[in-house]
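Structure, as structure tokens:
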Amino acid sequence: MIPGAESHGVNVDIDRQEVERLLSVTPADVEAADELTFARNVFVPLTTACRYTCTYCTYYDPPGQASLLSAEEVRDICRTGAEAGCTEALFTFGDDPDERYTAIHRQLEAWGYDSIHEYLRAVSEIALEEGLLPHANPGDQTREQMSQVADVNASMGVMLETTADVRAHAGPRSKSPGQRLATIRTAGELGVPFTTGILVGIGEDWRDRAESLLAIRELHERHGHVQEVIVQPVVENERWDSGSPDLATMRRATAMARAALPPEVSVQSPPNLAPVPELLDCGVDDLGGVSPVTDDHINPEHAWPAVDRLREIAAEAGVPLSERLPVYERYLDDGWCSDRIETAIETDTDAGKRFRAVLDDGQ
Ligand SMILES: O=c1nc2n(C[C@H](O)[C@H](O)[C@H](O)CO)c3cc(O)ccc3cc-2c(=O)[nH]1
Ligand SMILES: C[C@H]1O[C@@H](n2cnc3c(N)ncnc32)[C@H](O)[C@@H]1O
Ligand code: SF4
């Protein structure tokens, strides 16, 4: 039984035979993708306050020090991004920050917002005004929270991390695999195109990796909403000195993801954290969001490569590289996005033209 699954009311049936099949998968068993995609984004670290204290994470700040970007700051970042040709505003920040930090709650109140989700809605609107498509990853969300922002986001996401009960998530406030699965399921129920993934090297074993991927597959089979699964290595930083997975581990984990997931679900490898050229034959077909203008605030010591470097990587592998939007095209074609997002893409503005040029690039 997956920890927390019962208390969050999620029921995923992991097929034991499938676990055994995945445990025997090697990179030689999967095919290299015949094309690679990426998105151009700006990273907007809305707040560094977080209810959790994952031991691998340097992003969160203790209460008292945490900060909140103002609407003007968000607008500046988005404007710079749009001018640099980006299409995506990536809102990734601490989990339920207003729950534990009174200072954040008070600041939101002073600006006229009841909750971080009300504020997320407002800043998503700012991103749209500035010509970017929002993709928010606020961590775990309830159905009420997600409903509050779904129509102003092109897609959303949360990393499952792992279905295992690992020490990295231990402590009085910790991520619960069941709650992560409930968030992914809620996205499916609300029809939100979704990004998730596994974090490799946080104390999970091979069986846990297989189970995590199968849990994602099952939720996708029910709802069809998972656009991509990130296979992310944990990287060392001042809080995490327990190492990073080696190349052989990343190759096998990436191949396992490819073998576990149906072909329409992309396998994403982050080019600032993983040795992408050595993973391409393991089934990677997407390089995620890279930013020409902002840092990866979660892993600030790992700069994103320039788009030219991605072109080199693709050329060396002999596959075409194309830019995509934060929402995969099949969801647009099948009417998953709100009128708001569709209008942003179809309108006759500079932003609309930029979005449509990216869609044409993917043809
Ligand atoms: O640059 C990063 N982008 C991360 N992204 C963004 C991702 O690279 C792109 O923004 C998506 O591919 C959407 O286009 C995430 C998105 C999610 O929904 C969930 C988790 C992540 C994690 C990261 C991350 O650690 N670093
Ligand atoms: C947004 C995502 O960032 C990831 N994340 C947090 N800390 C690290 C780290 N040290 N290395 C790699 N990924 C990390 C988690 O998977 C989280 O869900
Ligand atoms: S990984 Fe996310 S949930 Fe965990 S401490 Fe960092 S910001 Fe919080």
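Cβ from N, Cα, C; glycine included.
Where the annotation comes from TrEMBL, it is an automatic prediction and has not been curated.
Per TrEMBL, the features are:
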- CYS50, CYS54, CYS57: [4Fe-4S] cluster binding site (BINDING)
- 36-272: domain 'Radical SAM core' (DOMAIN)
Where's the emptiest Cβ shell within 10 Å among the binding-site residues CYS50, CYS54, CYS57?
CYS57
Would you list, in sequence order, the residues of this chain other than CYS50, CYS54, CYS57 that have their CB within 8 A of the centroid of the site's CB atoms, where the site is the one recorded for [4Fe-4S] cluster?
TYR52, THR53, TYR56, TYR59, TYR60, GLY94, ASP95
